[in-house]
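Database features, via Swiss-Prot:
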BINDING   Asp35, Ala36, Asp37, Phe38, Asp39, Ser86, Leu87, Glu111, Arg134, Glu174, Lys290, Lys314  NAD(+) binding site
ACT_SITE  Lys113  active site, N6-AMP-lysine intermediate
BINDING   Cys408, Cys411, Cys427, Cys433  Zn(2+) binding site
DOMAIN    597-680  domain 'BRCT'
Amino acid sequence: MTEDNAQLRRTWNDLAEKVRYHRDRYYNEQPEIPDADFDALFKQLQQLEEDHPELAVPDSPTMVVGAPVAEQSSFDNVEHLERMLSLDNVFDEQELRDWLGRTPAKQYLTELKIDGLSIDLVYRNGQLERAATRGDGRVGEDITANARVIEDIPHQLQGTDEYPVPAVLEIRGEVFITVEDFPEVNAQRIADGGKPFANPRNAAAGSLRQKNIEDVKKRRLRMISHGIGFTEGFSPASQHDAYLALAAWGLPTSPYTEAVTDPEDVVKKVSYWADHRHDALHEMDGLVIKVDDIASQRALGSTSRAPRWAIAYKYPPEEVTTKLLDIQVGVGRTGRVTPFAVMEPVLVAGSTVSMATLHNQSEVKRKGVLIGDTVVIRKAGEVIPEVLGPVVELRDGTEREYIFPTLCPECGTRLAPAKADDVDWRCPNMQSCPGQLSTRLTYLAGRGAFDIEALGEKGAEDLIRTGILLDESGLFDLTEDDLLSSNVYTTNAGKVNASGKKLLDNLQKSKQTDLWRVLVALSIRHVGPTAARALAGRYHSIQALIDAPLEELSETDGVGTIIAQSFKDWFEVDWHKAIVDKWAAAGVTMEEEVGEVAEQTLEGLTIVVTGGLEGFTRDSVKEAIISRGGKASGSVSKKTDYVVVGENAGSKATKAEELGLRILDEAGFVRLLNTGSADE
């Protein structure tokens, strides 16, 4: 063996050892690295074997499925009737097109790749005989007792004339916890004295391996069937036909599966779900594409670990590791001081991030992160990235503990909790703390308040730091002369620039706005758009609100004692009242005419709107629902009364169909608004 070959073999051995180690940790619920890091290791090993076929051996990690059942497992081993294969992955559009090019088909199925735990079910004459984990694809753990308490898994299949129950049926599926149920599952676990789960997949995997059936019942496990193994007395012509049969027998199938004939439509589906992955009822990490025709599947065959007739397109990771360089704090508009992580830039969920929230000092301690740690971060959609925790195994002793500041980093005021048991520490200098002032300005300029387009984060900070504004009370008195001292709103020649002129124009227009938006803009703690709408709708003026007794305020629908008390407390402060007085003097809306109140046609109804409507903007459709007594919700559940479906509707429409909810088009929605009934 030459020195070069020896080095290649050492490289292969090192990679193979890492892949085996991390795969075992993953399948036995002790992952040390995110899925994306494992995928990268696996792909590196695959590429090495493709470039140097002589390195591949029969037991290479690229040739095997899953991981052997752990020796310490408390469950019995059970052999699958037919091998339970994995899936090969592609990670970009070109790789997908290459696969489609060498795997032509009359029809493909696209299915969401559920981020859960694989399960194998065996039915004999319709009766559930056993359930098992994937294991190494040949042998898994017998988890029949746990599977029997999952409501989605029928104990007895129900045959029909079209689909008689076969003598033997082996089902492949995925067990998961819905995104909606996960917070409650975690809350229950904490109440029981346990540590919270990091994510729904870990929760599902841990739950299936519980020995205590009562604990399994608490976890709200769900299951979706996504394939068949060995069968006797059942020979469907296509995957689609198989799913129809499974559904007829009472087995759950995915509401998101779609049939497509054009490869270009497959690419479009991948793109669609990249943007809508958080619309699904479960977590997903990719889209699975399958050749639908089963005869074609047999002709294409499989490798030792995966079928050639299916592929998984993996989306950019939402959990990755990076280095925690520092922990700093930011000051919010209500004085709350929030620690955040400063990290080495890393690509996560399709964007590069270098900062992530740590919520409060209690969370920093609970998560056990040290400055210098390698940490796992998560970013879901547009959500701010969050540090999940440290990779303790990678510590080298140079890490150091974070010490939470005792003084405000913006103004030097001593920090303190608002009350003894408050986990959040606050800067009490609300009147003149630059950090609070600039964030309050940014907030009141937002779409949910005055909607001042030309006043962004940099502009707000500039107005405060330069002393142009001492607080928000003088905002509507700004003039061109005032802006000449600005660094953001002036040209290099020292004149007011286009942004400055736009700001002054925005300010004039925003004075005449809805009263509820003015209430939101005041940054009264706990008073958000919902409470502000309710208060403005009942009292119609700031003065009437000030004069209203506390008990009366608290009885306002959607307000309650805490919000009412917060409102009263805010107006006890002289400089707060000065803000209102100066805004009023500048012509800002302080009362609104009591016009004809819209008929409460939607009273008590919860309505979800998905997709675009021709006659409404996003804000106006919400206003139309709320002003008629309805609740405009952003998520579909069993409690939803109507789902309004417009152009380019997301998977909320699919979920509504799955739940059997009433679905309306725009015309039906307008009828509902006007008459209280969607019927023609």
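Heads up, the Cβ atoms here are built off N, Cα and C, so glycines get one too.
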Subject >> Closest of Lys113, Cys427, Cys433 to Lys290 (NAD(+) binding site), Cα positions, recorded positions only >> reply: Lys113
Original post:
Using an 8 Å cut-off from the Cβ centroid of Cys408, Cys411, Cys427, Cys433, can you name the remaining same-chain residues around the Zn(2+) site, in sequence order?
Top reply: Val331, Gly335, Pro409, Glu410, Gly412, Thr413, Pro428, Asn429, Pro434, Gly435, Gln436
Subject >> Winner by Cβ contact number (other Cβ atoms within 10 Å) across the binding-site residues Leu87, Cys411, Cys427 >> reply: Cys427
**OP:** Please tell me which one of the recorded positions listed here (Asp37, Asp39, Lys113, Arg134) sits closest to Cys427 (Zn(2+) binding site), measuring Cα to Cα?
**Re:** Asp37
Original post:
Which whole number is the mean pLDDT over the domain 'BRCT' (597-680)?
Top reply: 84
Subject >> Integer Å distance between the CA atoms belonging to the residue listed as 'active site, N6-AMP-lysine intermediate' and Asp37 (NAD(+) binding site) >> reply: 18
Original post:
According to DSSP, how is the domain 'BRCT' (597-680) divided among helix, strand and coil residues?
Top reply: 28 helix, 17 strand, 39 coil
**OP:** Quick one: of the recorded positions Asp39, Leu87, Lys113, which has its CA closest to the CA of Cys408 (Zn(2+) binding site)?
**Re:** Asp39
Original post:
Rounded to a whole number, how many Å is the Cα of Cys433 (Zn(2+) binding site) away from the Cα of Lys113 (active site, N6-AMP-lysine intermediate)?
Top reply: 48
Original post:
At the level of the C-alpha atoms, what whole-angstrom distance separates Leu87 (NAD(+) binding site) and Lys113 (active site, N6-AMP-lysine intermediate)?
Top reply: 10
**OP:** Measuring Cα to Cα, tell me the gap between the residue listed as 'active site, N6-AMP-lysine intermediate' and Asp39 (NAD(+) binding site) in whole angstrom.
**Re:** 15
Original post:
Which whole-number value in Å describes the distance between the Cα atoms of Cys411 (Zn(2+) binding site) and Arg134 (NAD(+) binding site)?
Top reply: 57
Subject >> Packing count at Lys113 (active site, N6-AMP-lysine intermediate) (other Cβ atoms within 10 Å of its Cβ) >> reply: 22
